[in-house]
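Listed features, source TrEMBL:
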DOMAIN    B:144-207  domain 'CBS'
DOMAIN    B:208-266  domain 'CBS'
TRANSMEM  B:290-311  transmembrane segment
TRANSMEM  B:317-343  transmembrane segment
TRANSMEM  B:364-385  transmembrane segment
TRANSMEM  B:391-417  transmembrane segment
TRANSMEM  B:429-452  transmembrane segment
2 protein chains.
Amino acid sequence: MPQQQQSLALSEDQLEALNKTLNYGMPEHTRQMLNSLSAADIAHLLESSPPRQRSILWKLIPVEDEGDVLNEMGEEVRQFFIDQMNIQELISIFEDQDVDDIADILQQLPKQITYRVLDSMDYQNRQRVEEVLAYPENTAGGLMNTDTVTVRKDITVEVALRYLRQHNSLPQPLDQLLVVDRFDQFQGAVPISDLLTADPSTLLADLIDHAIQPVPVSMEDTHVAQLFEREDLVSAPVVDESCHLLGRITVDDVVDVIRDEAEHSIMSMAGLDEDEDTFAPVLRTTRRRAVWLGINLITAFIASGVIGLFQETIDQVVALAVLMPIVASMGGIAGSQTLTLIIRAMALGQIGKSNTTWLLTREGLVGLLNGLFWAIVVSAAAMVWFDDQTITLVIGLSMVINLVVAVLSGAMLPLVLKSLDIDPALAGSVILTTITDVVGFLSFLGLATLFYT
Amino acid sequence: MPQQQQSLALSEDQLEALNKTLNYGMPEHTRQMLNSLSAADIAHLLESSPPRQRSILWKLIPVEDEGDVLNEMGEEVRQFFIDQMNIQELISIFEDQDVDDIADILQQLPKQITYRVLDSMDYQNRQRVEEVLAYPENTAGGLMNTDTVTVRKDITVEVALRYLRQHNSLPQPLDQLLVVDRFDQFQGAVPISDLLTADPSTLLADLIDHAIQPVPVSMEDTHVAQLFEREDLVSAPVVDESCHLLGRITVDDVVDVIRDEAEHSIMSMAGLDEDEDTFAPVLRTTRRRAVWLGINLITAFIASGVIGLFQETIDQVVALAVLMPIVASMGGIAGSQTLTLIIRAMALGQIGKSNTTWLLTREGLVGLLNGLFWAIVVSAAAMVWFDDQTITLVIGLSMVINLVVAVLSGAMLPLVLKSLDIDPALAGSVILTTITDVVGFLSFLGLATLFYT
């Protein structure tokens with residue numbers, strides 16, 4: 001138990017201690033501390049370190065652990081290390097790795113190096129890796145592992161147990177035996193728990209759990225994740241179009257898909273990549289952020305352009321300049337609430353033709369009611385502040401207009417973007433801001449121009 | 001395989017079909033379709049339906065399935081249904097449910113009803129549920145289940161297998177046997193895969209995998225999730241302070257924690273709750289969103305107040321009103337990028353004393369470089385547009401100031417908020433917007449006032 005707590009406190013106390021030994025130039029001490037950590041902990045430590053410490057730490061890791069550590073790392077940090085390796089080092093890190101993990105790393109390497117690494121493998125391993133590489137990374141095929149324990153359905157529990165005992169080790173986690181015929185055609189799965197409770201003379205055929213369905217190799221990884229979540233799966237068999245067993249997907253890889261998917265939504269709303277290295281160096285970070293700032297600057301200039309149309313009105317009534325950001329910003333907030341709700345609902349697979357109309361109507365009404373309510377509040381405040389009936393009326397009206405437009409845009413944008421195959425989490429907020437700014441300034445200043453001239 | 005695809009397409013085709021049968025008033029038909037779905041699918045269907053359909057669908061679900069369906073539901077939607085149930089119905093849904101699931105639902109009920117439901121249970125079940133209820137929902141204790149398979153370490157593999165065979169069914173997923181002494185003190189765990197490959201005469205003591213450490217009952221659920229992710233666990237034993245085995249946590253519940261955590265970040269950034277019902281009715285939605293809009297209106301008024309200080313300058317140079325939103329909005333974007341990055345890094349446990357200084361320096365430099373770069377771009381554009389050297393200088397300077405302040409605030413806010421025990425995802429963006437708006441308008445209009453008067 002104390003050991004457990006230590007391992008979890010890594011992120012804080014142990015990280016401090018390690019950094020001290022590093023800063024005080026005690027590499028031997030650091031090496032010893034690293035030896036007591038799991039590959040996942042070391043990977044976490046590297047990901048939590050600025051570039052200089054990262055390079056020093058990497059050199060202190062035993063060569064035979066490098067592959068395990070790379071496997072546990074995020075893509076961008078991993079890229080940093082594999083870029084510095086020569087072909088011999090790369091080949092050595094692939095020894096003793098799972099086929100799906102090898103494929104993951106190979107996909108990050110230049111084509112030419114991939115071929116040389118594959119050449120270095122023995123025939124069987126090479127074939128297995130190439131099989132996984134043949135499928136896109138974001139499908140069941142890209143997620144699957146080829147080490148499965150298969151049995152025939154005409155054997156008894158006793159024979160199956162004896163067969164398992166002949167193995168030196170079994171693939172982890174082992175929650176079911178996969179039943180195939182002699183053509184490797186998938187026949188069903190027998191849960192290990194049923195195997196353990198059944199009478200030894202029972203035929204496996206009678207233990208097949210028909211609720212366990214195989215996953216088609218082309219299924220999208222996010223769908224696989226939904227399936228695992230809904231059915232509480234630990235592993236699932238993967239088959240091709242003619243139902244041949246190709247491998248199986250395990251829950252640990254699915255957990256990574258779920259985490260990646262969630263991070264993708266959060267990060268892309270801020271124009272960041274989910275694999276973004278927290279400790280990326282200054283210049284790389286500056287360059288990447290600059291792109292997003294540039295895109296948003298276009299939005300800002302469009303909004304300014306709209307204001308520019310009404311310079312004369314503002315010149316006449318300067319209070320308009322004071323109040324105009326309120327209308328735009330309230331629209332932005334209302335719209336982004338709807339946008340976030342709809343993006344999440346889409347990710348959960350809750351949106352279909354049958355309920356879109358209901359949702360749009362609901363959002364429209366919510367926008368209208370909140371628009372009316374806050375129009376009264378803001379108008380009252382404007383009246384007190386500037387004692388001007390026209391401005392009070394104008395800001396109230398434009399609040400209602402902008403809030404209704406904002407929630408309807410927030411609700412429709414993700415649907416439209418998805419149908420155009422554009423990522424709503426990435427593009428949604430920029431487009432929405434453009435809409436709420438333009439409509440906010442246009443309705444407020446436009447109405448003001450009408451009423452004042 | 002076709003069956004599998006059908007179950008996954010539920011969210012679209014089947015959902016449409018079901019809605020048609022509902023809208024055309026064919027309840028018998030709908031009932032039959034519902035019978036072919038799993039509890040998770042029915043829960044998903046209810047969550048994807050507007051209120052009216054939801055109530056009709058619920059009535060068509062067989063009473064004996066209601067408990068399973070409720071278990072698979074999000075909290076807010078579940079609350080809707082349990083609010084409408086009487087005590088007898090509530091008692092009946094708890095039959096055949098797992099202890100941790102019962103505890104989950106009970107925590108949503110008023111205290112008085114919880115007692116009456118507990119009274120209705122037999123002694124053993126009641127005790128188990130009360131044990132889980134004793135621990136906070138967001139700890140290992142609240143996540144755990146009490147049905148474990150325990151063995152003594154002095155028995156052989158053969159005896160263990162015979163013992164398992166005496167069970168009618170074993171808890172799922174069964175990846176390890178937990179070894180305890182006669183005082184229920186945790187001694188270690190034996191992976192099922194080792195049990196299956198070992199010689200029948202081996203003692204379990206020799207098969208204990210010492211890498212498997214128990215989880216303390218008070219560990220936070222997000223830490224449990226990190227542990228499962230890092231160590232690729234399927235289940236983990238839970239112990240009290242004196243190392244007594246209390247139960248175990250399974251990966252399916254951990255997946256829910258990961259999903260909830262991720263949704264919490266996304267949703268709270270827009271002032272929404274992660275349990276928010278996508279199809280909540282108009283009035284409830286309006287009321288909740290109004291709160292967030294109100295909070296943001298305060299921000300907007302603060303920004304307006306700042307502009308109000310400079311009415312005279314704007315009256316003199318109306319171009320200032322046209323350009324001022326650019327400075328504020330670029331600051332907002334730059335700040336929210338940093339904020340998002342740091343909130344994610346904190347969730348991943350990457351931030352500690354040792355690297356905060358590095359991060360703040362990096363962010364400051366990135367803000368400065370991007371500030372300088374975009375200052376040049378925006379100044380050039382302003383020069384072309386208004387042909388005014390003062391405004392060109394003022395907007396450039398204020399861009400640099402606001403971008404540096406924005407990234408530093410974005411980086412420090414989550415750390416400060418967390419140390420004050422305030423959720424950075426919820427409060428971070430509002431406070432950040434206030435800062436970037438105030439600093440943006442203040443620096444731009446303030447400098448303009450200095451230079452023009």
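Each residue, glycine too, has its Cβ placed from N, Cα and C.
If you look at the transmembrane segment (B:317-343), the same-chain residues 6 or more away from its ends with a CB under 8 A from one of its CBs are 265, 303, 307, 310, 351, 359, 363, 367, 370-371, 374, 378, 382, 385-386, 388, 391, 395, 398-399, 402-403, 405-407, 409-411, 413-415, 424-425, 428-429, 432-433, 435-437, 439-441, 443-445, 448, 452. In terms of C-beta pairs under 8 Å, the stretch of B:290-311, B:364-385, B:391-417 lying closest in packing to the transmembrane segment (B:429-452) is B:391-417. Here the transmembrane segment (B:391-417) has long-range neighbours at 317, 319-320, 323, 326-328, 330-332, 334-339, 342-343, 346, 351, 356, 359-360, 363-364, 366-368, 370-372, 374-376, 378-380, 382-383, 423-424, 427-428, 431-432, 435-436, 439-440, 443-444, 447-448, 451, meaning same-chain residues at least 6 beyond its ends whose C-beta is under 8 angstroms from one of its own.
Broken down by DSSP into helix, strand and coil, the domain 'CBS' (B:144-207) contains 19 helix, 17 strand, 28 coil. The average pLDDT the prediction assigns to the domain 'CBS' (B:144-207) is 93.
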